[in-house]
Amino acid sequence: MKGIILAGGSGTRLYPLTRAASKQLMPVYDKPMIYYPLSTLMLAGIKDILIISTPQDLPRFKELLQDGSEFGIKLSYAEQPSPDGLAQAFIIGEEFIGDDHVALILGDNIYYGPGLSRMLQKAASKESGATVFGYQVKDPERFGVVEFDNDRNAISIEEKPEHPKSHYAVTGLYFYDNSVVDIAKNIKPSPRGELEITDVNKAYLDRGDLSVEVMERGFAWLDTGTHESLLEAAQYIETVQRMQNLQVANLEEIAYRMGYITADQVRELAQPLKKNEYGQYLLRLIGEA
């Protein structure tokens with residue numbers, strides 16, 4: 001399976017911060033925002049990842065993450081000249097996807113919770129169909145909303161409905177089989193002129209091929225698209241790291257624990273940083289601090 005991070009958009013909700021840098025390069029406590037969705041794909045066992053962003057921002061992502069080899073992964077990059085909808089990612093990434101299945105994650109979404117890696121790897125291992133994730137919210141009219149029957153089977157999905165049929169939002173993380181490329185090519189732009197991811201999910205639902213996994217109590221899904229939610233996410237990450245004495249979205253740690261890099265490689269990455277807490281954390285990880 002391959003992965004795509006959609007890190008485009010104009011960032012108008014975070015203006016004027018986004019005059020200085022892409023939204024997905026903003027700090028969320030102690031790491032760039034892009035680290036969080038990248039860590040999610042790595043935890044799913046995905047090592048071949050395409051980052052899609054605007055022509056003006058893409059060089060900054062390349063400078064930050066380069067080819068991904070220091071984390072034992074392969075990173076590629078592609079331009080999205082204009083924000084024409086989330087489903088456009090599969091058209092832009094068609095050649096990258098090839099004959100593989102693909103996961104898409106939005107560049108401003110953060111996930112954290114017990115058993116997250118197992119849940120992600122289960123979704124990534126499915127042979128066919130699509131898997132998305134439902135999360136209970138107080139303001140479902142802001143999201144794509146999924147309706148369930150009494151057996152927790154998805155029966156409808158609506159994009160930002162005026163009268164939501166449930167409080168379960170579809171989060172910004174999606175796993176698809178290879179037919180997603182053809183589906184994306186054949187959906188029509190919505191009234192706002194975008195290729196909606198909800199229409200992709202509806203296509204899978206109509207053919208009986210959509211699985212919705214509910215993120216239960218204990219999971220956190222953070223959408224960092226506003227000033228308030230960006231601050232809340234930073235405070236959440238700080239609290240988790242301080243209370244649990246661990247790092248969230250530490251790419252070197254995840255790469256090591258997933259077997260993508262060795263202890264020697266971690267040591268090499270940590271040495272230039274050994275005078276700060278980040279480097280000390282990496283050295284403790286391999287038992288050398």
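Placed from the backbone N, Cα and C atoms, the Cβ positions cover glycine too.
Taken from Swiss-Prot as is:
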type: BINDING; residues: D108, D223; note: Mg(2+) binding site
Give the residue from the binding-site residues D108, D223 that has the most other Cβ atoms within 10 Å of its Cβ, counting over every protein chain displayed.
D108
Can you tell me whether DSSP puts D108 (Mg(2+) binding site) in helix, strand or coil?
coil
